[in-house]
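Q: This structure is in structure tokens; I'll ask about it shortly.
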């Protein structure tokens, strides 16, 4: 399954969601940065810290539960994860090192607002990376937190949820009316 080569036509009633402004900084399709493989972070600098802070603000402002640096136009390997009930987790150079089980759930994306579809993902994952202080960290995630981690780490490789979604389940709906598994 996959729509990587498919051109998404945004319905007129959703066009307003695709405007980028200071209060809506998340990059939207078809921005090229969303399809690039992001570069590893070589050193954690003030610029890295500032980007993480901007990501956390943008995610909160958009009511998201995760965000990847390319979604703010920075092609570097940083994600922030914040599924409900979990304190926000910034991860630098994250990787999924193990996966188990299977779960199908509806996903959406702040870079493709209004489009939703079912994606099959691992039920649990082990993710490693570095925290904002450069310390090696690891997390064992299950359910929604695992889904969010996989969705955001996919962004770092230029993969969007629409590439993995069951095409028969893709549908347009106003974001305020939808409860999704990953954003």
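Glycine too: its Cβ is placed from the backbone N, Cα and C atoms.
Automatic prediction, not curation, is the source of TrEMBL annotations.
Below are the features listed in TrEMBL for this protein:
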- 152: active site (ACT_SITE)
- 109, 151, 155: Fe cation binding site (BINDING)
Q: Could you tell me the C-alpha distance between residue 109 (Fe cation binding site) and the residue listed as 'active site' in angstrom, no decimals?
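A: Spelling it out, the Cα of residue 109 (Fe cation binding site) and the Cα of the residue listed as 'active site' are 9 Å apart.
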Q: Check the DSSP secondary structure of residue 109 (Fe cation binding site), expressed as helix, strand or coil.
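A: DSSP call for residue 109 (Fe cation binding site): coil, neither helix nor strand.
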Q: When DSSP states are folded down to helix, strand and coil, where does the residue listed as 'active site' land?
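A: Note: the residue listed as 'active site' is helical by DSSP.
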Q: In the structure shown, which of the binding-site residues 151, 155 has the fewest Cβ neighbours within 10 Å?
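A: Looking at the binding-site residues 151, 155, the Cβ with the fewest others within 10 Å is that of 155.
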